[in-house]
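First comes the structure, then the notes that go with it.
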Amino acid sequence: MALASLARRKAYLLSRNLSNSPADALKYSFSLSNFSRGFASGSEENDVVVIGGGPGGYVAAIKAAQLGLKTTCVEKRGTLGGTCLNVGCIPSKALLHSSHMYHEAKHTFAHHGVKLSSVEVDLPAMMAQKDKAVSNLTRGIEGLFKKNKVNYVKGYGKFISPSEVSVDTLEGGNTVVKGKNIIVATGSDVKSLPGITIDEKRIVSSTGALALTEIPKKLIVIGAGYIGLEMGSVWGRLGSEVTVVEFAPDIVPTMDAEIRKQFQRSLEKQKMKFMLKTKVLGVDTTGNGVKLTVEPAAGGDQTTLEADVVLVSAGRSPFTSGLGLDKIGVETDKVGRILVNDRFATNVAGVYAIGDVIPGPMLAHKAEEDGVACVEFIAGKHGHVDYDKVPGVVYTHPEVASVGKTEEQVKALGLNYRVGKFPFMANSRAKAIDNAEGIVKILADKETDKILGVHIMAPNAGELIHEAVLAINYDASSEDIARVCHAHPTMSEALKEAAMATYDKPIHI
């Protein structure tokens, strides 16, 4: 079945190639806009200009250079990697790991025969380790730019025409960067809430939560999404009393409901408190701490919550203001996302957009795939990103990872399906390391056995999910996974057993 799936995949790609020739792409691009390209002549003109040096932007720039295109990347931060590397994915994972190590040393080492007389947190050292990781990685990207001959301009770029970007450089000057093709990859910013001013001291965004100088006794997190739960986990492990306030009736509403319920119970066992269906009315910072006024989402009596720090984690918004998009006529939707076609082209010829500024999951790895595919189209090749097959991971402990459809989505589509599950309590490796909380859940079509979705709650679920991503990408069946030999003892055997449970019966439960 796997070989047949591969053949279908090749046929699919071939059909895309035949229908999307470079000539067709060029013709389509020019038909999108009434603007004249007006290219300047001379050696200063780029084939590709990328505005933004985050995961989508820097990857697009490197890929463009690798394809032989003269490329310039414009980044206002002064360091590459965007929000993800500087104040997002990377520093948060550093703190998640460090705080988990402390929590393990304090609470579980003794169970493994490792006894310590005392354990304490050295917060400055923890922050220094985080900062070192970020610094090394940002310098590494600059090294990749030099290696691939990508020109790097540090400054704030905005359009002055569809083929020109004016850059206010960090040094205080201004330069104009010209390009035949310009890619907007400016990412996203923290979504604000009415009546709440983020000062990054007592009322913080994820950026401020990554740089606190003291462990707050009480931390309130507004928003029960990926970021809020991860940062709440960091400070909860280090000793904060964490309360999560969420307007919706559930945490992480995009998650499979069965997994979500188990996940919330796990976090509650870690002493994280939840106030769901709760609306934030306002904050008071006049005293030493912060007072948060809340009420039930459906209306009712108001309550006051007190905290040392409040983390606002209510989502992110595309960063598209101030780029001059309106000046050149680029279409956006009501929340500011740039509208593009399946080649990442806007309605203005030669202008493209990728990552968080366009519809789709706001994930760093999705932005990277966008960047590669977009540049391949520009170069006359053929790129493809299927947003239904992009994995998502919550990096708490245990982690929760998923790809494909939830059971609720499958039901809504009216599909006949089967469900296979396997608990890590029955997994040899998980029991051996005394870390057996979690489950694998697989959804497959009842008639064809094609995998529709995979959901994993477990330590290192973010690593385990990629076998499922590959399987879904090639239309594999649950039997395909079940018949693949998995090393023993490993956590990945739980995925094999869940696949066996989907199409037949598991062995070890």
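If you go along the chain as it appears here, the first residue is 1 and each next one adds 1.
Keep in mind that glycine also has a Cβ here, set from the backbone N, Cα and C atoms.
Per TrEMBL, these features apply:
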DOMAIN    47-371  domain 'FAD/NAD(P)-binding'
DISULFID  Cys84-Cys89  disulfide bond
BINDING   Lys93, Gly157, Thr186, Gly187, Ser188, Asp356, Met362, Leu363, Ala364, His365  FAD binding site
BINDING   Gly223, Ala224, Gly225, Tyr226, Ile227, Gly228, Leu229, Glu230, Glu246, Gly315  NAD(+) binding site
DOMAIN    390-499  domain 'Pyridine nucleotide-disulphide oxidoreductase dimerisation'
ACT_SITE  His488  active site, proton acceptor
For the binding-site residues Gly223, Gly225, work out the Cβ neighbour count at 10 Å and name the residue with the minimum.
Gly225
Which Cβ among the binding-site residues (Ile227, Met362, Ala364) has the fewest C-beta neighbours inside 10 Å?
Met362
Out of Cys84, Cys89, Leu229, give me whichever of these recorded positions has the highest number of other Cβ atoms within 10 Å.
Leu229
Can you count the other CB atoms that lie within 10 A of the CB of Lys93 (FAD binding site)?
16
Measure from the Cβ of Thr186 (FAD binding site) and count the other Cβ atoms within 10 Å, all protein chains considered.
31
Can you give me the residues near the recorded NAD(+) site, meaning same chain, not Gly223, Ala224, Gly225, Tyr226, Ile227, Gly228, Leu229, Glu230, Glu246, Gly315 themselves, Cβ no more than 8 Å from the center of the site's Cβ atoms?
Val221, Val244, Ile251, Val252, Ser313
Given the binding-site residues Lys93, Thr186, Met362, Ala364, state which is nearest to Gly225 (NAD(+) binding site) when distance is taken between Cα atoms.
Met362
Of all the recorded positions given, namely Cys89, Ser188, Met362, which is spatially nearest to Ile227 (NAD(+) binding site) at the Cα level?
Cys89
Cβ-Cβ distance under 8 Å to Ser188 (FAD binding site), same chain, at least six residues away:
Thr83, Arg316, Ser317, Pro318, Phe319, Asp356, Val357, Met362
Distance check, please: Cα of Ala364 (FAD binding site) against Cα of Cys89 (disulfide bond), rounded to an integer number of angstrom.
8
Just name the most isolated of the recorded positions Glu246, His488, going by other Cβ atoms within 10 Å of its Cβ.
His488
If the NAD(+) binders are Gly223, Ala224, Gly225, Tyr226, Ile227, Gly228, Leu229, Glu230, Glu246, Gly315 per the record, what's the largest distance between their Cα atoms, in Å?
15
Just the number: how many Å between the Cα atoms of Gly223 (NAD(+) binding site) and Cys89 (disulfide bond)?
17
Nearest recorded site to Cys89 (disulfide bond) by CA-CA distance, among recorded positions Thr186, Leu229, His488:
Leu229
On the Cα atoms of Lys93, Gly157, Thr186, Gly187, Ser188, Asp356, Met362, Leu363, Ala364, His365, which are listed as binding FAD, what is the maximum pairwise distance in Å?
30
